[in-house]
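What TrEMBL says about this protein:
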- 118-239: domain 'Heparan-alpha-glucosaminide N-acetyltransferase catalytic' (DOMAIN)
- 42-65: transmembrane segment (TRANSMEM)
- 125-145: transmembrane segment (TRANSMEM)
- 165-183: transmembrane segment (TRANSMEM)
- 195-213: transmembrane segment (TRANSMEM)
- 233-251: transmembrane segment (TRANSMEM)
- 272-291: transmembrane segment (TRANSMEM)
- 352-375: transmembrane segment (TRANSMEM)
- 382-400: transmembrane segment (TRANSMEM)
- 420-439: transmembrane segment (TRANSMEM)
- 451-468: transmembrane segment (TRANSMEM)
- 488-506: transmembrane segment (TRANSMEM)
Amino acid sequence: LCRIHYHFGESGNYSLEVKILSRSTQTVSCDLSINEDPINSYLPILFAFLVYTGILAAVIAGRLLMKIDPVRSWVCKKLNPRETEQLINSELDSPGRADSLGSDLSSQPLWSSVPRQRLRSLDTFRGLCLTIMVFVNYGGGKYWFFKHESWNGKLHFQTAFSSRFVFIMGTSVSLSLSSMLRWGSSKKKVLLKILWRSFLLILLGIVVVNPNYCLGPLSWDNLRIPGVLQRLGFTYLVVAALQLPFTGIVSENVPEMPPPALQDILPYWPQWIFILTLEVIWLSLTFLLPVPDCPRGYLGPGGIGDFGKYPNCTGGAAGYIDRLLLGEKHIYQHPSSSVLYQTKVPYDPEGILGTINSAVMAFLGLQAGKIILLYKDQHKQIMSRFLIWSIVMGIISAALTKCSKDEGFIPINKNLWSISYVTTMSCFAFILLLLIYYLVDVKRLWSGAPFFYPGMNSILVYIGHEIFENYFPFKWKMQDSQSHAEHLIQNLTATTLWVLISYVLYRKRIFWKI
């Protein structure tokens, strides 16, 4: 009858009046009226931004004051001399000896001593991704752009940063394996500990995603098998085991090395063959595997999507493989597509098929680690390589998606972990790593705080925020469950508490190792 482009505000009440002006000419008018004005739902975000900006300004002012001799002397009189020295040389001001300590989920070889020198940019990158993951998992203030995407589409905060956590895990694997072998560990010993660490990650993941540990032993009947930590465990196993045989094969100033543009690629050609084989497997299963009652190569959400033609085909081959191998009761029962598309079948976004592309993304992160090791302190070379890889990934993404939401060959989809999603996220990850590396490790304009601290204790923060999600002070009963302001206060408070906890643990030199 008519088309109206209008931005409806939150909590507004509207009326649409449709009038037939002329039956002979079929002229129709559509008038939109506002019965109740909408609210400005973005004011809480603005207020929160001002509060955190004020805190940042106060911290910077404190740092500047500490550089004034009279103020420094006064502080020395008021505080214990040892505490004063720690404050002056703390990580809020400049990187100190604490750089040589710590552990995290993805970078450090948790079975041995931490190397004497660390790239703070990697921990900062990891901590930034983890902090945003925690905030979004806690609710993200109930804003639409902080929620998980229902299916294909926009790159929301959670979509963007959770995948970069996988990316930085690959980067850290390269550095940690090189460090362990340099400190005298044999490859056989390192491999055994890779297997053990992967097993622990998977085991912890199964416990965390089945939150009935307070009610008794886990029941196999409805035990969810896939999960975030499980995927990280398998991904870590693949990438670390793949890199271990090649660790140390490239050294500086070797005349037989290939041209500089290929130094981080050609020596590792067996790795590339393996990764490309994995991708061929993903493509073959995704587009060629027959799925009962579904079109071959289906990538849609099922339910009422695609005009309800394929209601039980959620995820196509990916969902079918999980249901076939794991069973419907052992995968996620409430996927993000269930609200918008009214899907009825369970679908797990951390399923088996998507783990293949998770390994591909970690391998691209591994490539960043190789670049850092190969060029070491040649900052311009490192940053130029990051930029080149970002451009390459962006071009591949544009070709796969045709720069569209649904019209490309393979749409960007986090639920499926499509290859276009991997290349797009890797494109942004290389750029983000470049910027953080430049600010933190090259120019030292930023110490990485406060994200550096959760990055140093990432496994504790991630598991802790999952276990204590529904407990005070991370959650409390709200007066108005529809209020963005109340949700935002609660979610920011919970996230800030985990950052503070990680800071205190860092100052106490407490790091959770597995």
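Numbering starts at 1 and runs along the chain as displayed.
Using the three backbone atoms N, Cα and C, a Cβ is placed for every residue, glycine included.
Whatever TrEMBL says is automated annotation, not expert-curated.
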Practice problem: Within the domain 'Heparan-alpha-glucosaminide N-acetyltransferase catalytic' (118-239) only, compute the mean pLDDT. | Solution: 85
Quiz prompt | Intrachain residues whose Cβ lies under 8 Å of the transmembrane segment (272-291), provided they are six or more past its termini | solution = 242, 265, 297-299, 313, 316-318, 320-321, 353, 356-357, 359-360, 363, 416, 419
Self-check item: Helix, strand and coil totals (DSSP H, G, I; E, B; other) for the domain 'Heparan-alpha-glucosaminide N-acetyltransferase catalytic' (118-239)
Solution: 87 helix, 0 strand, 35 coil
Practice problem: Mind pulling out the one from 165-183, 233-251, 352-375, 451-468 with the most Cβ pairs under 8 angstroms to the transmembrane segment (125-145)? | Solution: 451-468
Quiz prompt | Stretch among 42-65, 165-183, 195-213, 382-400, 488-506 sharing the most Cβ pairs under 8 Å with the transmembrane segment (352-375) | solution = 165-183
Exercise. Report the listed stretch (42-65, 165-183, 233-251, 451-468, 488-506) having the maximum count of Cβ pairs within less than 8 Å of the transmembrane segment (195-213).
Key: 233-251
Quiz prompt | Highest-contact recorded stretch vs the transmembrane segment (488-506), from 42-65, 382-400, 420-439, CB pairs under 8 Å | solution = 42-65
Quiz item: Other than its close neighbours in sequence, what residues sit by the transmembrane segment (382-400), given a CB gap under 8 Å and a spacing of at least six beyond its ends?
Solution: 264, 364, 367-368, 371-372, 375, 408-410, 412, 419-420, 423-424, 426-428, 430-431, 433-434, 437-438, 442
